[in-house]
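Notes for the one structure printed next.
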Amino acid sequence: MRQMSRRGKFITLEGLDGTGKSTQMRMLAAALSAAGHKVVETREPGGTPTGEKIRKVLLDSGTAGLSPLAEMALMFASRAQHIAEVLEPALAAGNIVLCDRFTDSTEAYQGSGRRLGSEPVRELHRVLCGNLQPDLTLLLDSNPAASLGRARRRNQRVSRSANRSHDENRFEQETRAFFVRVREGYLAIARREPGRVVTVDAQGTPRQTHQRILEAVQKKLRL
Ligand code: TYD
């Protein structure tokens, strides 16, 4: 008889814009695949056809005057669809799911950055996301000024080279103080949930950060 496959593992990557999350996610996915694991890579906002439409609305700097509550609601709309269409099926099939941002981003950016508070975010997560919790969250931590400078330069390059009708710059236009609050929000989550969240120093070379991430994954998940 075929054995029922065991539930997979859910790993999220978090951090300020420009901390190198996408690079680290690619490196971790490659390392896990090479070790024989089935890996699914995905991201938020987005990750599904509907979610990618919502992402355009959220990140396009042409989206003017979006209220903080509407912004939070759209983040959760994308997430609820992502859970139903991608995350739950992939976990049920036994995959390791690597997700670039999840509800901690909403708590840090909307809860702390936009000052909506943590409680509404955690309540919506219970109602709309069945309180799905990552098995491990890697928080890439670095200096807000340096990360933001990187994110802005990258997005300017992408906007120019692709000559696109939309861009992904809306959040990068926020003030330094906003990103300082976002970072504080993240660090507060890490203090509250030390069993789930590992803070990784992301200020070294990509190789060094990758090494720290591999250690955390081995230690926490024994993969
Ligand atoms: P992302 O594409 O990961 O940006 P980057 O590669 O620059 O880190 O995420 C897009 C933006 O959306 C990012 O500025 C953070 C923001 N965001 C929120 O404000 N709340 C959320 O819940 C999520 C998932 C993202």
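Quick reminder: no glycine exception, Cβ is built from N, Cα and C everywhere.
Per TrEMBL, domain 'Thymidylate kinase-like' is recorded for 13-213.
Residues annotated as ATP binding site in TrEMBL: Gly15, Leu16, Asp17, Gly18, Thr19, Gly20, Lys21, Ser22. Reduced to three states, the DSSP call for Gly20 (ATP binding site) is coil.
According to TrEMBL, the feature region 'Disordered' maps to 149-169.
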Is any of Leu16, Asp17, Thr19 (binding-site residues) within Cβ reach of ligand 1, i.e. under 6 A, and which?
Asp17
Measure from the Cβ of Gly20 (ATP binding site) and count the other Cβ atoms within 10 Å, all protein chains considered.
20
Here are the binding-site residues: Thr19, Ser22. Which has the lowest count of other Cβ atoms within 10 Å?
Ser22
